Amino acid sequence: MKVAVLLGGTSSERPVSLVSGEAAIEALREKGHDVTPIDVGPDIATTIASLKAAAPDVVFNALHGPRGEDGAIQGVLEWLGLPYTHSGIRASAVAMDKGATRILLAAAGLPVAQGRVVTVEELAEADPLPAPYVIKPVAEGSSVGVEIVRTGDNRRAEIARTWRFGKEALVESFIPGRELTAGVMGDRALAVTDILPSETAAFYDFEAKYKAGGSRHVVPAELPQAVTDRALDYALRAHQTLGCQGASRTDFRYDEGTDTLVILEVNTQPGMTPTSLLPEQAAYCGISYPELCDWMVREALAR
């Protein structure tokens, strides 16, 4: 079939999207599809013209970050009447808003860390939570802008002064322990991965995610079966609660000392290089990377 692959974009995650998109293009061509790459820039009219010229049967969305996974490009594709992979407008917009995601997940009985959305002015005045706590942009991905304020740390006011991610921030209690993630394909939770940042990484930040040697992935995670089952259940329920479609990935923190497992976020546009977390989990389940990409476009077309 004719597939247009959207990649690039204008967010801070553009380099990640380019890698994901190029890998998907190669995989889809391997599966026999007629693929047209479309590098999405700041001019949406140019993107629309490229989509109309390509006249695809389906669009593979390999964009990340604002405008790519927040419902914006999804709205354009809906307006054009083009089927597309991953989640729709509402789920994409909600999942991109970490504050809104927290509210919906908690209402569904799913575990989230103690926290709230604060203004930058509030953050500048006083600690919003007892340290240690995490400060996150409300609408960024790939751990862009994430800061950890630890006990005795005097960086809070400076973080607020130099904040460049809007007028608000999400603050959450820091959960010690392990970084876990679980992917979902349709109505199936795949596997749980244990993410081990390098010894030089403070946490699983942008460099740990994308720099060579920045982290190591262990799939399946070496966990008690009950914890694995809980993570898989939470990932599928989070996918369903937000109304996600296609593939998603839910990230967790797990404190072994207290047996506490909390959801950090739900990714409606998970990384899609062959060595990204979701494709690794699919491979563990016997689904090759080309088969995963092929499933995504066929699932989108069948909705």
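Placement of Cβ uses the backbone N, Cα and C atoms for every residue, glycine included.
The domain 'ATP-grasp' annotation in Swiss-Prot covers 102-298, and the record cites sequence analysis as its basis. The ATP binding site feature in Swiss-Prot is assigned to 128-181. Feature annotation from Swiss-Prot assigns Mg(2+) 1 binding site to D251, E265; the stated evidence is sequence analysis. Residues or ranges marked as Mg(2+) 2 binding site in Swiss-Prot: E265, N267.
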Work out how many Å separate V149 (ATP binding site) and N267 (Mg(2+) 2 binding site) at their Cα atoms, rounded off.
24
Closest to R156 (ATP binding site): which of the binding-site residues D251, E265, N267, going by Cα position?
E265
For P128 (ATP binding site), what residues in its own chain, 6 or more apart in sequence, show a Cβ-Cβ distance under 8 Å?
R116, V118, E122, V171
Between I135 (ATP binding site) and D251 (Mg(2+) 1 binding site), what C-alpha distance do you get in Å?
16
Work out the three-state DSSP category of R156 (ATP binding site).
helix
Rounded to the nearest Å - Cα separation of D251 (Mg(2+) 1 binding site) and W163 (ATP binding site):
24
If you measure from the Cα of N267 (Mg(2+) 2 binding site), which of the binding-site residues W163, L170, G177 is the nearest?
L170
Tell me the Cα distance separating E265 (Mg(2+) 1 binding site) from W163 (ATP binding site), rounded to the nearest angstrom.
21
